[in-house]
Amino acid sequence: MSSGGLFLLLGLLTLWEVLTPVSSKDRPKFCELPADSGSCKGNFQAFYYHPVHRTCLEFIYGGCEGNDNNFKTIDECKRTCAT
């Protein structure tokens with residue numbers, strides 16, 4: 001196989017790994033928790049996984065407490081929880 005073919009194969013395998021969804025059996029249990037802004041009064045953009053819609057959505061996090069279904073970026077949420 002030529003070096004171009006190897007690079008293509010490596011690229012396709014990498015793309016497959018990135019785009020393959022997290023299966024529900026591999027998804028952490030905290031991904032099923034509801035969005036929880038916590039008890040503090042801050043105003044921070046955060047993201048949580050919504051299991052019914054099977055996507056990550058934005059919410060406002062107060063800055064303390066809450067639960068583990070709380071991500072700083074939508075990409076982090078998707079990598080961890082999205083199917």
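Placed from the backbone N, Cα and C atoms, the Cβ positions cover glycine too.
Annotation comment: Swiss-Prot describes 1-24 as signal peptide, evidence class sequence analysis.
Shown in sequence order, Tyr49, Pro51, Asn69, Thr80, Cys81 are the residues of the chain, 6+ apart in sequence, with a C-beta less than 8 angstroms from the C-beta of Cys31 (disulfide bond). The disulfide bond annotation in Swiss-Prot covers Cys31-Cys81 (among others).
Per Swiss-Prot, domain 'BPTI/Kunitz inhibitor' is recorded for 31-81.
The secondary structure of Cys40 (disulfide bond), as reduced to three states from DSSP, is coil rather than helix or strand. According to Swiss-Prot, the feature disulfide bond maps to Cys40-Cys64 (among others).
Under the heading disulfide bond, Swiss-Prot lists Cys56-Cys77 (among others), citing sequence analysis as support. Following the DSSP three-state reduction, the secondary structure of Cys56 (disulfide bond) is strand. Within 10 Å of the C-beta atom of Cys56 (disulfide bond) sit 22 other C-beta atoms, taking all shown protein chains into account.
Looking just at the domain 'BPTI/Kunitz inhibitor' (31-81), the mean pLDDT is 97. Taken residue by residue with DSSP, Cys31 (disulfide bond) is part of a helix.
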